[in-house]
Amino acid sequence: MGFLMLIAGFILLFFSGDWLVKSSVQLARYLKVSTLVVGITVVAFGTSAPELIVSLNAVFDGVPDISVGNVVGSNIANIALVLGTVSVILPIKVRKKSVLFDWSVMMGASLLFYILSLNYQLQFIEGLIFICLLIFYLGFSVINSRKQMGRTGEVVEAPSMKLYKALGLLVIAAAGLYYGSELLVKGAIDIATGFNISERVIGISVVAFGTSVPELATSVIAAIKKETDISIGNIIGSNIFNLLGILGITSSLKTINISQDLISVDMLWMMAISVLLLLAILPIKKGHITRFKGAILVAVYLLYMILLFTK
């Protein structure tokens, strides 16, 4: 049964990712904002919904290691596995200033998460801080994008889909991502628990991979369609949502207890891989994250998984 749920989840997530890209591009044209900002907001929120539901369920079910491990593992997978895979398929064009700003927000949120976790808990006040920072970031991103488009005289292509159809497709896609991730995660947990794996390892690996499949599906499809702003914007945006949105909402509803290994090992890996992403962006060769850099990111993810399971 576990394998059947895995397969069903993969299929549902793949098609939902395609629908999400289509609807988000149309909404970008209606809202007159860049596709990068839509990737950071609409698409990122839709693909982060599974992480939110899983983290909430895990905390209220008394397994916080799965909740926090899911966020940390998803952020690692989004950069090293998802971005790496997308770059191998098609080198990603980088808008240097925009991406560097979003990376700075992501890294700042990671450092704040690490510092606030040193007492082994995230409580209501920390959650409220995360939520306020997320709202400020989203507002700034949208306003800044519209100002830049006004200064440059950039013309947004006319929408090719009715607004109600685009919104309807977005809702269907988000629902598909949610239920697909539910199937995938349940199937993965059924299989993983049979091998007596710890909750932390399950959260970081199996659950995080399962909840990162929407980002992988959406970003791969976006890269194939050469919507690379959606691809990298979705990855960085999802990581920001995971840190500020998911941890913020979850810890504001119930105190999250954080284990020593998550702080001393996994969070450090998450930040190190974020720095690796910066190194991939800074020496830009013709404005692209090359296939070679993508292969390095994937190799780092595989190394982390090997160390995680062999420790």
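Every residue number used here counts from 1 along the chain in the order it is shown.
From the backbone N, Cα and C atoms, a Cβ is placed for every residue, glycine too.
Copied from TrEMBL, the annotated features are:
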- 2-142: domain 'Sodium/calcium exchanger membrane region' (DOMAIN)
- 72-92: transmembrane segment (TRANSMEM)
- 99-116: transmembrane segment (TRANSMEM)
- 122-143: transmembrane segment (TRANSMEM)
- 163-181: transmembrane segment (TRANSMEM)
- 166-309: domain 'Sodium/calcium exchanger membrane region' (DOMAIN)
- 201-224: transmembrane segment (TRANSMEM)
- 236-256: transmembrane segment (TRANSMEM)
- 262-282: transmembrane segment (TRANSMEM)
- 294-310: transmembrane segment (TRANSMEM)
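If you look at the transmembrane segment (294-310) against the transmembrane segment (72-92), you find at least three C-beta pairs under 8 angstroms, all six or more positions apart, and that counts as contact. According to DSSP, the secondary structure content of the domain 'Sodium/calcium exchanger membrane region' (166-309) in residues is 121 helix, 5 strand, 18 coil.
Comparison of 163-181, 201-224, 236-256 by number of C-beta pairs under 8 angstroms to the transmembrane segment (99-116) places 236-256 first.
Long-range neighbours of the transmembrane segment (236-256) within the same chain, counting only residues 6 or more positions beyond its ends whose Cβ lies under 8 Å from a Cβ of the stretch, are 39-41, 43-45, 47-48, 51-52, 55-56, 59-60, 64, 67-68, 71, 74-75, 78-79, 99, 102-103, 105-106, 109-110, 113, 121-124, 126-131, 133-134, 137, 215.
At the 8 Å Cβ threshold, with sequence separation of at least 6, the transmembrane segment (72-92) lacks contact with the transmembrane segment (163-181), having fewer than 3 such pairs. When Cβ-Cβ distances below 8 Å are used as the criterion, the transmembrane segment (201-224) is approached by residues 9-10, 13-14, 16-18, 20-21, 39, 43, 46-47, 50-51, 54, 58, 63, 65-74, 76-78, 81-83, 85-86, 89-90, 92, 177, 180-181, 184-185, 188-189, 191-193, 230-231, 234-235, 238, 266, 305, 308-309 of the same chain, each at least six residues removed from its ends.
Under 8 Å from some Cβ of the transmembrane segment (262-282) lie the Cβ atoms of residues 65, 68-69, 72-73, 75-76, 79-80, 83, 94, 96, 99-100, 103, 106-107, 110-111, 113-114, 117-118, 120, 200, 204, 289, 293, 296-297, 300-301, 304, all in the same chain and six or more residues away from its ends.
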